[in-house]
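Student: Provided herewith is a single structure, encoded as structure tokens, for subsequent inquiry.
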Amino acid sequence: MAALYTLHSLLTAFLQFRPTSAVTLEAKKLEQKTPIAAFPLRRVEAMAESLAPPVLVRIMLLLLLLIAASPSTLESSSPSPAVRILSAERRVDLTSSIVKVYLTMKVENLGASYVSDILLAFSPTEAEHLAIIKASLTEGKRKKKKYTPLDVNPTELAGIPNGAKLFSISLISPLKTGETTVIEVLYVLTHSLEPFPTEIRQSESQLVYYHDSAILLSPYHVVEQIMYIKTPTNRVESFTKVDPTNRAGTELKYGHFHEQPPFNYIPITVHFENNNPFAVVEELVREVEISHWGSVQVTEHYKLKHAGARHKGVFSRLDYQARPSIHGASSFKQLLAKLPPRVHSVYYNDEIGNISTSHLRTDYQQSELEIEPRYPLFGGWKATFVIGYSVPLEVFLFKSPDGQHYLNFSFGCPLHETLVDQLTIRVILPEGAKNPSAAIPFDSDHFLEKTYSYLDVVGRSTVVIKKKNVVPDHNVPFQVYYNFSPAFMLAEPLMLVTVIFLFFCACIAYLHMDLSLSSSKA
Amino acid sequence: MASPPDLKSGATLRNAFGGVLALFIIFLIGVLAFSIRLFSVIKYESVIHEFDPYFNYRVTQFLTKNGIYEFWNWFDDRTWYPLGRVIGGTVYPGLTLTAGTMWWILNSLNIPLSVKTVCVFTAPIFSAAAAWATYLLTKEVRGTGAGLTAAILLAIVPSYMSRSVAGSYDNEAVAIFALIFTFFLYIKTLNTGSLFYATLNALSYFYMVCSWGGYTFIINLIPMHVLLCIVMGRYSSRLYIAYAPLVVFGTLLAALVPVVGFNAVMTSEHFASFLVFIIIHVVAFVSFIRGILSPKMFKVAITLVLTVGIAVCVGAIAILVALVASSPTKGWSGRSLSLLDPTYASKYIPIIASVSEHQPPTWPSYFMDINVLAFLVPAGIIACFLPLSDASSFVVLYLVTSVYFSGVMVRLMLVLAPAACIMSGIALSEAFDVLTQSVKLQLTKLLETPPNAGDTKDGSSTVQSDVVEEDNKMIDNKTEFVKERPSKKSRKKDKEIVEKTRSKSRNQKRLMILPLEASSVAILLIVVLISLYVIHCVWAAAEAYSAPSIVLTSRSQDGLHVFDDFREAYSWLRHNTEVDDKVASWWDYGYQTTAMANRTVIVDNNTWNNTHIATVGTAMSSPEKPAWEIFNSLDVKYVLVVFGGLVGYPSDDINKFLWMVRIGGGVFPHIKEPDYLRDGQYRIDAQATPTMLNSLMYKLSYYRFVETDGKGFDRVRKTEIGKKHFKLSHFEEVFTTHHWMVRIYKLKPPKNRMKEKLKKPKMTSKPLSGTRRDESAKRNPWQ
């Protein structure tokens, strides 16, 4: 059974990392001539011993050959061959629904020229699911370690095999010849755990696949590398065995691998149990409305979904209430939202009214809102709700030295460990605000709109920010700058006063006027 | 006494102050009426209540989203599947249009209130308006004082409050205002003879027709009053102006409302108005003839006209009777018939009888709903007869008819409430008038001549004459003033003078001065009585009528328990079923399912098709397999039942089940009520009949219930259930809410049924139930 799963996973892995047909043809031609192809072949053979049905293995082998062979053919065109990675260590954290990978690389410059950019490569599937990459330079050792954040930007280079996507890390000071440096990279992948079986019953626990490469996909030669995979429980149904593979408890170890050429790739698949909440906010709209009368009002519209294996058949409340850990292991019923400190007027409702199952705890550091959707969410079930709250203005609105006001607010979703597919933030500035501009620490779409709210005449400038694939690591502050003169605050009260005044005037005038057509004197 | 100019300015000042004070009080009454209805928002939340309001809310949402023309043409395919319902033509649009307009105005002022918020607060706003309308009406009948008292009584009367708390977004909330306002305009026209008010009256009547089916009450009560006036010899041109335009314009306008249409001239509810219309013309004609002929000629003419007239009348009546008799219900709708004959519904239409608000009320419900007003009403009637005017006779007639109707249906207590408030307002204000006046006179007497005991009588008479003189002087001043400024306002003042003189004459007539002690004690007692009323009303607003009924709460030692199961279930349906899935449930939950879950239902609270409801009733009363077949033939995918047995929620489907049996049996005779009763008793324990225990409703309600406590103890029926361990063959449980109050089952696909059929002979040990199943399946009309 396990073998079959593995086979399946290999196939899916192959399908995911789909080489273009042109490259495949080329690879076929080159296969005979290039001696490099022999290296992956050996590995695949070793792996094949662990797989039972030989015919299938042959096919797989062929396919894998193609994949493995194709990058090597284009080695000559890969960028900066003068850089090599002395050691790479990857730690893949699969304990939640979001995959976190910590990569530590020791990079050496062999070439004559300075190197100021280090490249990272991702397979197209990975790149698609990549939510965030952070890189930092590590200096010092052990306790005195110092982290300096580095810029990471996507780049394009000609002649990258199989549509791999590159990201370049800009070093602060260029790497001189023969120098080494240690770079730590954290990247987060979303939707990378694929539930299998795709439909489960209430009492079954959820099994997922994780696909990756046993060796680091890199444009550089890698001297030594190792990969650790951490699973949430001991239950691992199957995993691809590559020569040095170790499993101990919740940890899988691939490696050490030595002397890997650039763009080498060995697909692996891990099939394991993961009952963590697969809470995905399909769409989140956050409205931040600034009122210079003293508060910032936040309204967040959620479309929540359990993105794990679909629930099928009966949902028995009886079983669920009796033993929720067994009958409902894969479901979740509550979420934790971390709200800013000094939050007040919190509400939690949906289109049909208030949802009474929530708790709010506030302290100086932060507020925690524990919310339960109306019903526990099983795989594929959805729920929508709205969370709203107010915070005092002075905590979030500041004045920059050049006289502009700016809002400093947290990006991302306040829900704990939850990923957002499509995030829209609408910052509604007060009426009369001018020159709005947004400063967001990562790339996202933003544009301006007009919103009409209470008694507005000219409308409020609204900065709309859109971003896909948002993970908790995106919860960093962003700023919206604008000019505002306090005189505009009085516009609406004065308008009301005028209207009421005119109304009374009209009443007085009416009472003192004689509007009848004929007078009774005549 | 002060000098004349001083007196004049003092009096006008006092009048002006009185006017401002009255205006301020009226404003406060509006605020009171609005805010006492907010208990539901404060104690619970800003949410639409109960059943019908959800439909109105959904219609309003549609209106605000798609505009008025789409609304008139709206064919709703989310309900009464597969028949659908033409909403635009079958709904009273007044409430919806009102809230829609309010929403539109607010939004065009850029006040972004949601449709829900507007709907929730529509009822309180119109209660304030109703209180003001009551003030106007009572003022027309019996002066400002009575008007204020009646308005304040109406603002907090529990009966009206029960239908107009915030969130109770129902037709009645708006209709009661329209009803009172129409009556006010009628009385106003009657008092002034102004065609302007007559036109307004017709428009107000139109609004009432738009709002509520209860408009027939107006169109029968006003003709009755007109007839009464004619019979009492009080015919005047004012009466004619008050009535004739109302009938003509009112009927024309009423026919514009799609739901009424030609009913405005074709159903018996409206015939009385036409008959009286003819009579008033005859009377007008006769009085006109009398004016131009000499008495002798008039006699001749009368005999001539009478002979011809009687012949014509007989002919007309014969045609009318023939017309009426040709229609099946004698031209009366079922609900109207059950008003005329209280036993009609329970005999013929179980669906009307099954609604609790169509039952006759009990005595406690009178006390609950109008409280001390019930005791004040007789006093008000007496006050109305001293002296009897056109207006006061109308109010008396209104009271008497509404007392009758409220005795037939609990729901119509709502119509009684304004009448009771007006009567009590009149009674209280008269009582206060008498009592405070005597206190005032006695006090002035005491202060002016404390030692002289013998002069008392003299003193009182001088004071009295002083007052009269004052009044006369004031009137003189006024008339002068009027001559100076002839205008619309002068007309108003003329009227004031008329009132003044009237009140003066009343003052003179009522020289009965009660002793100081007696009157102060009486005032005290009245104040106590009113405070009892106020306390009761506040309690009713806060406790009895504020629950939204979709979310329930209960208090226990460990705090407040919230039962939000209905919304849990509806929300689940909304998010986790396909958008076109059909949900079957008993009709009570139809409106809520379409509004909150946005899913298609088979039947809903608009019980227009008895057969369809009977079909669902039959399915619920049938064993699993025929029920499955009925539901499958209706494309039903989910069946929703409400079950209160776990937490003790009494109005669940098991308690309503007998009505399902009755209504189902009324159309499909193979469902027989006695099959579900053991010796005439409805029970679900071990003594229950096998038909009962095998019915779908029983099974869906109690499926796996026994596993909760091991015994299957039903907390509503206070008994252990009869059949404890059973499996479902054609349905599977897909969702049950937290407190088990709503259970949703899915119809198993037909494929499984085939397997089931193959297995069946091996598994079933009881041949009896098998044969019955086959039998009922054969008779099932949906095959």
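Glycine is no exception: its Cβ is also placed from the backbone N, Cα and C atoms.
According to TrEMBL, the feature compositional bias 'Basic and acidic residues' maps to B:482-502, B:771-783. Residues or ranges marked as compositional bias 'Basic residues' by TrEMBL: B:751-763. The feature domain 'Oligosaccharyl transferase STT3 N-terminal' is assigned by TrEMBL to B:20-423. The region 'Disordered' feature in TrEMBL is assigned to B:482-503, B:751-783. Annotated transmembrane segment per TrEMBL: B:12-36, B:86-106, B:118-137, B:143-161, B:173-199, B:205-228, B:240-265, B:271-293, B:300-325, B:366-386, B:393-410, B:511-535, in sequence order.
Mind mapping these onto the model and telling me what they sit next to?
Tutor: Proximity of distant same-chain residues to the transmembrane segment (B:118-137), defined by a Cβ-Cβ separation under 8 Å and at least 6 residues beyond the stretch ends, is recorded for 26, 29-35, 37-38, 41, 46-48, 53, 56-57, 60, 95, 98-99, 102-103, 106, 147-148, 150-152, 154-155, 160-161, 163-170, 173-174, 176-177, 180-181, 183-184, 187-188, 418, 421-422, 425.
Sequence-remote contacts of a segment are chain residues at least 6 beyond its ends whose Cβ falls under 8 Å from one of its Cβ atoms, and for the transmembrane segment (B:173-199) they are 94-95, 98, 122-123, 126-127, 129-130, 133-134, 136-137, 140-141, 154, 160, 163-164, 205, 207-208, 211-212, 214-215, 217-218, 222, 236-239, 241-242, 245-246, 249, 390-391, 394, 398, 414-415, 417-418, 495.
Long-range contacts of the transmembrane segment (B:240-265) within its own chain (CB-CB distance under 8 A, at least 6 residues past either end) are made by residues 72, 88-93, 186, 189-190, 193-195, 198-199, 201-203, 205-206, 209-210, 215, 219, 222-223, 226, 273-274, 276-277, 280-281, 284.
Tertiary neighbourhood of the transmembrane segment (B:271-293): same-chain residues 219-220, 222-224, 226-227, 230, 235, 239-240, 243-244, 247, 251, 265, 301-302, 305, 309, 320, 324, 331, selected by CB-CB distance under 8 Å and a gap of 6+ residues from either end.
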Student: Based on Cβ pairs under 8 Å, which of the stretches B:86-106, B:143-161, B:393-410 lies most in contact with the transmembrane segment (B:511-535)?
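Tutor: Highest pair count goes to B:143-161.
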Student: When you scan the chain for residues with a C-beta under 8 Å from the transmembrane segment (B:366-386), skipping those not six or more beyond its ends, what do you find?
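Tutor: Here the qualifying positions are 141-142, 153, 157-159, 162, 392-393, 395-396, 399, 406, 413, 416-417, 420-428, 430-431, 529-530, 532-533, 536-537, 540, 544.
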Student: Looking only at residues six or more beyond either end of the transmembrane segment (B:143-161), which have a C-beta under 8 A from one in the stretch?
Tutor: 22, 25-26, 29-30, 32-33, 36-37, 127-128, 130-132, 134-137, 176, 180, 368-371, 373, 413-414, 416-418, 420-422, 424-426, 428-430, 432-433, 499, 503, 533-534, 536-538, 540-541, 544-545
Student: Can you give the mean pLDDT for the domain 'Oligosaccharyl transferase STT3 N-terminal' (B:20-423), rounded to a whole number?
Tutor: 88
